[in-house]
Amino acid sequence: MEKELKDIRAYHLKVIEDKLIELITHKNRILAVQSEEIGEFKKSFNEFKPLTQVIQKTTRECLQEFQSKLDEADRQAIQQFHQQQDQLEYHANRLNQQQNQMQLIQELFEQQTKQRLQISEMQKVKERMLNELQQTKEELEQKKFLKQQLMNNFKLSQQQQIQLQQELKDTEHQKRYWNNLLQEAKGNIRVYCRIRPNSQEDMLLLNGECTLVLRVPERFLKSTNCQKESSFNFEHIFNQEADQQEIYNELSDLVQNVVDGHNVCIFAYGQTGSGKTYTMQGDDYNKGVIPRAVEQIFQERQGMLELGWQTTIRVGFQEIYNEQSRDLITNQKCDDVKLLDVKDIVEVAEHFNTAKKNRQVAETLSNEVSSRSHFIFQLNLQGHLGDKQINSTLNLIDLAGSERANVAKTEGDRFTETKAINKSLSALGDVFNALYTKQQHVPFRNSKLTFSLYKYMEGSSKTLMMVNISSRSEDFQQTLASLRFAEKVKSCQMKK
């Protein structure tokens, strides 16, 4: 079997080998034929190559010539297109101009039509106005006659007005004169007393509007035979329920006296915590004497301006601390405080707030915020009307606390302050005593406080002492001292 397979494989290999030899022989014959054909083609190609080059050259020249003619034709076509486009734009502009002209002509025609209508209406109006003018002329003649009558009446009214103004000025002068007489009749020195608001104790008893009874607490009685109460009389006594408006109503006549041309001093006196600063300055809800007085003077000034007065208002804020004077606006030591021109109440309030911030205060046993200096607010009013002149000053003084050093229990700088305060208050009492005893020499120079105010406490000047007291039993000694000081002041008269 294997032999047969080998014979078959050998046979097939022989057949394949014969076929390969046959194919190689056929391939060689084909390659020989192709070689001959390629040689003949190369020979023919070499013969036609010069002719082909000539044809290519001729073709390129023809193409270049054709392209030049084609470019020239395109250029001419584009040029013609632009010319035609310019012509179209020209004709379009001409058409727009003609349309605008037609529209303008139409508008002019419409305007002319309206004008013709207006002219027609104006002619009618003209005729109507001519008729009215004729009526007006007739009325004018009548009014001329009435005007002449009115002019005659007006001249008479002017004379009456001048006379009335003069009478009003005379009345104002008489008012000032009689008001001053009234204030002098009440006394050039007055003493009011105010019991500290919101006090619940009954150490003080009011007997009418002018009498105050001070009961001595038992712990201050040295024996059973000692006097148990003291009575004091003043022009007016305000109880605990009296509000700020009620207080000022009693003082407003004195402020009016400043407008009338007289100097006025209003003191707030009393121990620390008795309500002096509240009385003079008030708080955000209850205005005190100072802001209310400023409002009253500016209101009165407006009436003076309406009568023809020329006025100027100036204000100053002074502090006397340890016998040294200080301007509370500049916050500098000074001998004389510079008064500042003010135009309205707002400007005064701004200066007043600055002064309050610069004032010396400190804590003592008597009060958490105790005023350690004398505060002086000055408002000077100057004015003239013809030969009439006024130059008066309102002085509102919030005095430092009058308590003694052993009561306030002060030490160090606070003790020195308290001594200076009591020294100046004692000097103020000496001044009132000298006025009371009518001494030729009044010791104004004994303290900076009295020297700063001496020219406002002489002559026709008016002075009011508002004594503020406490009804607490622990304040008995200070309340008694304040009431005795006030009683001594009440007996004084101004130095003439």
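Here, residue 1 is simply the first one shown, and the rest follow in order.
Cβ coordinates come from backbone N, Cα and C, glycine included.
Remember, it's a predicted structure, so these values are computed and weren't measured experimentally.
Sequence annotations record features per position, and here TrEMBL assigns coiled coil to 95-167.
The annotation domain 'Kinesin motor' is assigned in TrEMBL to 188-492.
The ATP binding site annotation in TrEMBL covers Gly270, Gln271, Thr272, Gly273, Ser274, Gly275, Lys276, Thr277. The C-beta environment of Gly275 (ATP binding site), restricted to residues of the same chain at least 6 apart in sequence and closer than 8 Å, consists of Arg194, Arg196, Pro197, Asn468.
Listed in sequence order, Arg196, Asn468, Ile469, Ser470, Asp475, Ser482 are the same-chain residues at least 6 apart in sequence whose CB falls under 8 Å from the CB of Ser274 (ATP binding site).
The least crowded of the binding-site residues Gly270, Gly273, judged by other CB atoms within 10 A of its own CB, is Gly273. Taking the Cβ of Thr277 (ATP binding site) as centre and 10 Å as the limit, one finds 25 other Cβ atoms among all the protein chains shown. Across the domain 'Kinesin motor' (188-492), mean pLDDT in this model comes to 84.
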